[in-house]
Structures are given as structure tokens and as C-alpha cells.
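The active site, proton donor/acceptor annotation in TrEMBL covers Lys83. According to TrEMBL, the NAD(+) binding site annotation covers Gly186, Val187, Gly188, Lys189, Val190, Gly191.
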Amino acid sequence: MISMFNILADMRAYGFEKAVLAKLDNRLKTIIAIHSTKSGPALGGVRMLNYPDFESALVDVYRLARSMTKKAAAARLPLGGGKAVIIGDPEKEKSEEILHAFGELVESLGGQYITAEDSGINQKDIEVIAQKTKYACGLKKGNGSPSLATAISVLEGIRIASRRYLSADSISDKGSLEGLVVSILGVGKVGSTLAELLVDQGAKVYIADIDKNKVETVASYTGATVVDCETIYSLPCDIFSPCALGNSINQKTIPLIKAKIIAGAENNQLSEPFPDSLKLKNLNIVYCPDFIINCGGLILVAGELSLPGLGYNREEAIARAIEAVDYSLNKVFDIAEENDISTYQAAIKIFGENSF
């Protein structure tokens, strides 16, 4: 088990500015982690999950908050990184009272942290939270849910990596992905949307999820093929796309992967980023850093903010997301090749903690 001392020591080492721990009622706890406000307010979603213990929640929120700082830098946004978690079962324990209490906590921070939706929290929940704070985005009256924009930015990452490393001449900027084989792990809000986009553009798509009912439903309207979560790693395919909750790529799963490229929406895909990324490099598997290609949702919700360079609509947000992925991912690939380092190392070299 990871000790609280080690977690807090890591948070200090990685320059966290603030961590707020609070009770939303007699049982449910929340953590808001603010990693950096050097470039602007810390923007990041709130995740509601039934974590096995408090330490697991703390590890998750601090890794997610750091990732948001890097994501904002890669997306060239005047923002910092933060994240929040509510420890509880969203199917059984979510309530208006809980969401209002969370909104009041966000409001009390005076704009240091701006919240949005994440796993276990949907757009309707954000609307409820926004009744108690002006520091919430992804609203219906604004640019809406970030899921589609995130899926589109991941799709752009898949397109760029495929053109560069698969010699897929048929993959044009906006054209067909005919013949591409993609395996998606996790069909939540973003994974299911990505599956739909890929199938619409001619790709052969396999999907897996721990929720059997959900994966069958997604298969019914996308035409994707269902496999189990153990099989999805070892399927021969062009692209493996992790779209689950994190840590899908680790020392146990890496030897199973038959894909040529990893490109997914999941935050913190690499369990141990540096050794995992080096192992992928040595296996000639191209890893598209998650915080580079899943930036679409962040760019979308940031458009609702009244900050210099922001304040744009949904269509412009998607155009900006595609442009950001094109610029940042190609730059990462160039640096990785020039320096014979992993793509994760290249991404940190360009957009990591010491680059802003």
C-alpha cells in the first residue's frame, strides 16, 4: 500500500499549490487538487468514483491534476491544471445536495479551480453544481459536453500517427479510415463516441468494457465487434485505444499488446510513465501521449471562459483542438526521433512541469 507520507511528499516534489479535502455530507469526501495556476486558473473535471480507499482517490486526483497542467500547455491554453474527485458510487450516492455542496466548495476557492464533467459526473450534474458556483463550465448554455470534442481530438491523433507510421496513403486529412483496425478499451462517454466516429469513417473497430450491458449497447448502434477486456490487448490491430479510467498500459499488459500504435482518450494511460514508455519504444510500439491527443474536451470547455485568447464557440473549439493535436503530436514525434527517446520523454521535454 502507498503511504500517505509518500503521496504528500510526491505532491510537494511535483510543485502542487493546494489540495483541499472536505466532507460533502456525513459520509462522502471530496478532494480538489490544484497543481498549477502559473499560466492561469486550474481547469479540470470532477470525477465521482467508488474508490477502494482514500489513498487510491488521492493518488488518482494528484496524477490527474498534473496531467491537466501538461494538457493545457500542449493545447496552448492560458490555464493551469487541477482536478477533483468525489469518493462515492455515482449510481447510488449522487444527489443534488452532494453536488450543491461540491459547488459551494469550488466557489469558496474564488476561481483558483474551475470544474467540469468527468467520469461519473455528466452535463446535468454540472448544471446542478453551477447553481452554487460560477466556476463551472461545459454547460448547456455554453459549449456543451466535452465528450465529442475529446473523441475528435483523439481521432486526429490516430489519423496523424497512422499517416506517419503505417504508410496509410488512404488516410487523408478528412477522408476515409478504410482498412484501419482499432481496438478500444472502455466505451464510456468518449470511448463510445470514438467508436462511432471510427466506424463511420470506415475503420474496423473492436470494443471491450467491464460493463457488459454498456458494451453490447454501443455495439448495437455502432456495428463494432465486442470482445472481452483480457482479449482486447492481444488482438492484432493497427491502433490500441485505451479509453478507460487510467493505468491501462503497464508492465503486465505491455507484453500482450499487438498494436503498432497506442492512441486513446484515457488520462494517465501509463502506470509508470518513464519505464513503460521506454518498454513500448523498445517494442517499436508508437505511443501517442494522452495529454497531447485528448485535449479536445479541455479546449472546448475553456472556450466558455472570459480570459484572453478564449471565449469561442463549439465549432471554433473543435478546429482549435485539431490544430493543437496536429502541431503538438508532430512536434513530439520529431523530438523523439531526433533524440532517440520515447514519445513520453519527448512530450515531457516540451510540455512537462519545467516547460511553463
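The backbone N, Cα and C atoms fix where each Cβ goes, and this holds for glycine too.
Locations of recorded TrEMBL features on the structure.
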residue: Lys83; record: active site, proton donor/acceptor; contacts (Cβ under 8 Å, 6+ apart): Ile32, Ala33, His35, Gly44, Gly45, Val46, Arg47, Val61, Leu64, Ala65, Ser67, Met68, Asp118
residue: Gly186; record: NAD(+) binding site; contacts (Cβ under 8 Å, 6+ apart): Ala208, Asp209, Pro242, Cys243, Ala244, Leu245, Ser248, Gly264, Glu266
residue: Val187; record: NAD(+) binding site; contacts (Cβ under 8 Å, 6+ apart): Ala195, Ile207, Ala208, Asp209, Lys214, Val215, Val218, Cys243
residue: Gly188; record: NAD(+) binding site; contacts (Cβ under 8 Å, 6+ apart): Ser119, Asp209, Lys214, Cys243, Ala244
residue: Lys189; record: NAD(+) binding site; contacts (Cβ under 8 Å, 6+ apart): Asn122, Ser145, Ser147
residue: Val190; record: NAD(+) binding site; contacts (Cβ under 8 Å, 6+ apart): Ser147, Thr150, Ala151, Val154, Cys243, Ala265, Asn294, Gly297
residue: Gly191; record: NAD(+) binding site; contacts (Cβ under 8 Å, 6+ apart): Ile184, Leu185, Ile207, Asp209, Val218, Ser241, Cys243, Ala244, Ala265
